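Engineer: Let me begin by handing over the structure; questions about it come next.
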Amino acid sequence: HGASSRARVWIPDAEEVWKSAELNKDYKNGDASLQLMLEDGTNIEHKLDPKTKNLPYLRNPDILVGENDLTALSYLHEPAVLHNLKVRFMDSKLIYTYCGIVLVAINPYETLGIYGSDIINAYSGQNMGDMDPHIFAVAEEAYKQMARDERNQSIIVSGESGAGKTVSAKYAMRYFATVSGSTSEANVEQKVLASNPIMEAIGNAKTTRNDNSSRFGKYIEIGFDTRYRIIGANMRTYLLEKSRVVFQADEERNYHIFYQLCASSHLPEFKMLKLSNANDFLYTRQGRSPVIDGVDDTKELSSTRKAFTLLGINESNQMGLFQVLAAILHLGNVQIKDRDSDSSIIPPNNGHLTAFCDLVGVTYQDMSQWLCHRKLKTATETYIKTIPRLQATNARDALSKHIYAKLFNWIVEHVNKALITNFKQHSFIGVLDIYGFETFEINSFEQFCINYANEKLQQQFNMHVFKLEQEEYMKEQIPWTLIDFYDNQPCINLIEAKMGILDLLDEECKMPKGSDDSWAQKLYNTHLKTCSLFEKPRMSNRAFIIQHFADKVEYQCEGFLEKNKDTVNEEQINVLKASKFPLLVELFHDGEKAISPTGQVPGTGGRTRLSIKPEKGREKSSKEHKKTVGCQFRNSLQMLMETLNATTPHYVRFFPFFIYVYCCDVDRFDPKRAVQQLRACGVLETIRISAAGFPSRWTYQEFFSRYRVLMKQKDVLPDRRLTCRNVLEHLVQDQDKYQFGKTKIFFRAGQVAYLEKLRAEKLRAACIRIQKTIRCWLARKKYLRKRSAAITIQRFTRGHQARRLAKFMRRTQAATTIQKYQRMCVEKKRYRQKQAAALVMQTILRAYMARQKYRALLRESKVVIIQKRVRGWLARCWYKRCLVSLVYLQCCFRRMKARRELKKLKIEARSVEHFKKLNKGMENKIMQLQRKLDEQNKENRLVNERLAGLENTYTTESERMRGELSRLRGAEEDAKNKGHQVTSLLEELEKLRKELSSTQKEKKTIEDWAQNYRSEMEKMVSELKDQNGSLKKEKDDLNRLIQEQSQQMTEKMARAILEETQQLKTDLNEERSRYQNLLTEHLRLEEKYDDLKEEMNVPKAGHRRRDSTHSSNGSEYTYNSEYAELEDGSRAGEDVTRGMDTSLTLKLQKRLTELEQEKQSLRNELENKEDQFQRARARVPEPFCARGAELEYESLKRQELESENKKLRHDLKEIRQSLVGNAATGAGAPGSPAYKVVLDQLNASCEELEVRKEEVLILRSQLVSQKEAMHHKETMTEPSVYVEDVSKLKDAGELKQAYVGLKDTNRSAAPDFHKLNEDGELWLVNQGLKETIRLLEHQLQTQRRGYDSEVESLRGELQNVKEENNRQQQLLAQNLQLPPEARIEASLQHEITRLTNENLVGRSTRRDTYRWRWSGSPVKCTRQRLSEPLNIGPGQTEGQTSPGQMVDEPIHPVNIPRREKDFQGMLEYNKEDELKLVKNLILELKPRGVAVNLIPGLPAYILFMCLRHADYVNDDQKVRTLLTSTINSIKKILKKRGDDFETVSFWLSNTCRFLHCLKQYSGDEAFMKHNSPRQNEHCLSNFDLAEYRQVISDLAIQIYQQLIKCMENILQPMIVSGMLEHETIQGVSGVKPTGLRKRTSSIADEGTYTLDSILRQLSAFHSTMCQHGTDPELIKQVVKQQFYIIGAVTLNNLLLRKDMCSWSKGMQIRYNVSQLEEWLRDKGLMTFGAKETLEPLIQAAQLLQVKKKTDEDADAICSMCLGLTTAQIVKVLNLYTPVNEFEERVSVSFIRTIQTRLRDRCESPQLLMDTKMIYPVTFPFSPSSLALETIQIPSSLNLAFLTRV
């Protein structure tokens, strides 16, 4: 056939064995080669075999890789199997895989957390295909088939050394021990497990491949009884490797026990063994590896010794065993030297030989003699012959091996004796831990025997697989064709047939001079030409080759004869038989009778477990000793095969596929070794047989669901079988490729892959089409969205642009206008500014110029004047100077001229001419002078006139001036006087000036200083401001920090308080859990004890025991009150009891005593934890009600009671006033009968309250005295409270003492006070008076504080009473319109409704300190009943005595006859009717009728009313018998009908109600605060039943646990199917191909549970509990437990089922969880912790759905999955499996990232949730408001013998 490109194939490879490749080019028929591309991208050409033309193997689709069952693979061949196993282990860390009927296991070489008790519980009861592959699944299948088919089972565990066989066999045995339990007192399951460390110590050793390799084979039969519980075991061993005792290869060790003894040689008890370090002995140092990493041999020896003790081997025998083992080590160190070539000698005084002889009790001379000599016997004589050193050494080693083999057989025999019990065995399960196929470089006799055994096992395996295939085909009625499979019978015949290898070996051993060489030649001559499976090596004449089923093995003939003979010097044995050491003698005498030297144990165990004929003609020990090892091994192997053939086998194959690399701390896959092991173990043969037929199988429904996509709508028919047939005929043309069975379709190899390919192509085409359509739709939607957006953007853009343009134009025009006006304004303003400036300038300039001109003119004028004056003055001065000068010049000139004239005159005088001229001038002169003189005269006259006027003026002025002068002289005098003052003032001014100058200097200095100071201050202020700012900042920071710290501290304190509270709650819950678990264990022991009594035919009547919950009345707590005849038969029962097993009785009594003590200690510890919890709650800053000491608490309650009495008196007074006030209306006149009756009742109540108050004061002091007296007596004498009987307690005070003695209120008095007198009376009186004074003071303060608040509360209550009166009046008016019969019924209905409402109101207002006091008080009832007859219209009358009363008569028909005095709420019965009472009320009561027709808790009320009467008459015997009978009857009915949820729920509700009644009416003030006064009158008066309350509380706990178990048993089958397998959302998840081990289909059949089934069941549980009147708080706890079970079971199955870990399943789970939450929401239970129990499941579902690729995804997962542990998260990621090819697997690197990030989590390494965990239950006190006197007993209960009192 052709192959298309891209097809993936497997091609052979020298290194990796198989490599994956992909076709690059289509292959056509005739092509000689294939064009391939490897995974690394390399292109290669693969040439086909020219002869066969076989194509490479095809790879399976990725969706099939990693399947749980290899037969689910479409292509079944070697590379597919190898790859699937590699992927499962390397990627998912899954070590188990199914291969048809075989469980394939891979040794991980590390400890995995998948073998805990939680895993065992998860696999228990599950079908093998429903869970992931596991050794527990195989064990469960074997256990289930044993119980179902009544056929013995075998589990065959095989594999090579180091594969993990022994460990898995131990796990399988532990599984049986856990799920089945033991029926005997000897704890057989523990002994079976305890045998493992013993057998490992003496039979396991370190090899190069395994540190704990089993060097022998063993078959353990675990026996079961008819109830399939372990009753015993038996062990058979095969082929112990004795040669290891004397020789070990490199890196190997001897058996562990030798090294354990050497490591413990320092212990005192081992000094006598004379041992030292293991390197000092030849037998322990040859491997040069005496220490195993991580193993402490000293601790291992301690575990071995404990196991010996548990199996009944006492200390003396243990030390004897250790002596023999130490002697073997010393014997190995005995040095034998050559004397000559034919003889040897042991040097005298050999220390090790001496030690050997001392340890085994033989003489040194005999032992040294026969170690170097041997005895030869002939027909006539006996010779003693010396032997050379080599033979002597071999004889010594042979003796060591023989001793060890005897010791091994002795231990096995005694282990079997310890595992045998006297019970009859019904069936067994055998666990075969045997060596796998072995081949080494040098293979000897041991490997030959091992491979021979594996040949036999492989033949049996092939036949079994073939048989199963044939049965499957015949069951499905498909044509059966003979499948050819490999039959290894020829190989077996070669070994064991006549003249076979073993026969020739035995024959050669009998020859006198037989040797390995001669035996090899016989083999060659006999088989070389006749048998194709036998070959001779080319290069050797002392070896042969056998073609085994797994591989060819070459055996070396050297040593075969010696090992087959297993000879020991007879004289040496005789020396040992003559030993003084009894254990050694026992080894060599008893051991020969039943145990062969090879380790076979054919006759141990006491009896034969199989219907197999024993060996006939068994010879005595002498002949038995002559049998060869090969013969014995063949016989034991034949017996083993007969055993296996008589059982149903289950196969487990172990492979060491991986080599642990120590340097890298990683596992490295070894493909060569893996393929070798696959071929050797027979897995490939299973696959080949399956592949030869029809390996793939589908049910019709699964095929239809998976390949529905390949069908058309017209092809779908109502008949699924016909639909599948039509589709297959259309899809697969070759009809030989499939067959139709009755329920399944069978496919040949490769057809599922072909169908998956078609399905993937169809889905891919559909996906492409969907993608095309969606992408088109998305693209068009995106285009339209973009187009619309573009248009919108354009529209808005264009509008925006137009608006911008218009705005721009408007702005431009406006800007132009603004600019115009602005510029105009600017210019105008500028012009005006310039104009104004110009005018101003002009004005200023002109003014300036004018002023300048004026000033110039003025200056010129003044200059002119000045010039005039100056010039005049200058002129005058000049004139004067000129005049003077002129005059002087003139004088000078004139003088000169006169002189000259004189001279001339003198001359002229001398001349007449001169005189003439002189005269002429003189005349002119004279004339001028005359004229001038005239003018001068005129001027003189004017001047004289002016002068005369001036003189007159002067005279006048002179007079005035004289007066002025006189005045001025006076003024001058004054001025002089003032001058003196001025002088002084000037002096003072000068002084002031000086002072001013100094002041100015100082001022300047001060100003400078001030300036400097100011600058400094400014600088300082700035600095201070900066500092202030920084300080403010620091202050703000500190304030913020303080606030943050305060907030943090507050949060921290709150968190610490919360954590402390939470821790205390957790501790309290743990203590409760421990206590309740102890109760469960106690109940289990009781049931076990009852079962043992039944088995021993001991009447139950004779069993008297002391209950662990009783102290003072424990001796009277018996079961004999249930039957009347038990007292007569008790003596006979005791006689029968004496015939019981005394040891069993003593053990049970001891165990019961221990449990009672433990229970009592736990109860005390629980009380301490509760007190501690209450104290912690008092520290929490929340409105919690803190409790103090018990005495103070009771005193406060008494004060509260007195305050309530005072309030009641006040209320009575108000009622009287209201009665008087209402009397005016005519409603009820004084003197009327009703009024008198009510007043009498109220007066009596008032008097009774006064009396009670006085009694309270008296009792308070007495109680204190009694308490102190009790403490004093306890200190003086030994406590005897627990020994006293209830019948001995005289009154309530003594009973109170006994009760208080159990509490923590005991106070040890000082010893000095007791010396006052003999009884300490003075001290007691003093303490009593002090306590009374303190109580009275505290009472007075409390009354003062409570008065004001009580007044306000009373006002509110009175208003409520008025409103209630109006409502009652309306109801009464309605009732009066009814006929008398209906009126009574309606009145009762109204009364019940009223009481129910009061109860609800009382519960809702429980935190109100004062309001609850009125909710149930008799005064309120009295007011209600008074308000009805007193609020009647004036036209109505009252009366009840006359038959002819009016129809509208307002009197309530049930009030007056049911007075408080008439009925006390008690029921009286005779003692002989007690059995009838218990029988009718408990044993034969039907819960359904009571729950539907009667009030909830009616049986509890009736029992308590009977108990009240017994207390009332002070009959302690009646109280005790009634309570005991009640408890025992409830236990009996629960034991009988414990699986009926309705019955258990009914009695849980009634037990809790009975417990609440005992508390409510106990007289304890802590429980009385919710009572009405009438209910307080009903309290028990003579007996304190606190201890019985504890017993009933324990009974309620047991019933609750029984209810949870019953509910769990009902829900358990529904959870996995409804939550995981059923498809609530159809079509989300697909069905993957499955293998031979089919899982439960997810398709809902008629009998399949769905989520609706779970919800309906939950609703049924809830409605049943509500009908039974179960407390709401208890219902919430039950629902929380239900949801925990659902979440835990679902998550555990999810973690153990690889097929459930997918994306679609995660969505399915989340939907289912949402439906559960909706159910909680509908029931109003969302806030009580039930939803939180599903949080791990929700997170696991989210984990399946989130992305799992990047680091961000890893962070998201770590933050999301807080409710899951790291192991659970990693497990889910490892198990995540894509259902379709479109999902991706989780990469290994991503899982490593998750592990790295979750490394710091501190959590439990446990993988699964504990489904058996039950939350500690609490029973919150819930008082009833139902009055006991109103309870009516229906006739249907048949309790007419009860009398109401």
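Note that Cβ sites are derived from N, Cα and C of the backbone, with glycine treated the same way.
Remember, it's a predicted structure, so these values are computed and weren't measured experimentally.
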Engineer: Looking at the ranges 42-62, 1260-1280, 1344-1364, 1428-1448, which is given as region 'Disordered' in TrEMBL?
Structural biologist: 1428-1448
Engineer: Pick from 969-1010, 1095-1136: which stretch is listed in TrEMBL under region 'Disordered'?
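Structural biologist: Range annotated as region 'Disordered' by TrEMBL: 1095-1136.
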Engineer: Go through Gly159, Gly164, the listed binding-site residues, and name the one with the sparsest Cβ surroundings, counting other Cβ atoms within 10 Å.
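Structural biologist: Sparsest of the binding-site residues Gly159, Gly164 by Cβ contacts within 10 Å: Gly164.
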Engineer: Taking the Cβ of each of the binding-site residues and counting other Cβ atoms inside 10 Å, which one has the highest number: Glu160, Lys165, Thr166?
Structural biologist: Lys165
Engineer: List the helix, strand and coil residue totals of the domain 'Myosin N-terminal SH3-like' (4-56) as derived from DSSP.
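Structural biologist: Once the DSSP states are binned, the domain 'Myosin N-terminal SH3-like' (4-56) shows 0 helix, 25 strand, 28 coil.
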Engineer: Give the mean pLDDT for the domain 'Dilute' (1524-1800) on the 0 to 100 scale.
Structural biologist: 85
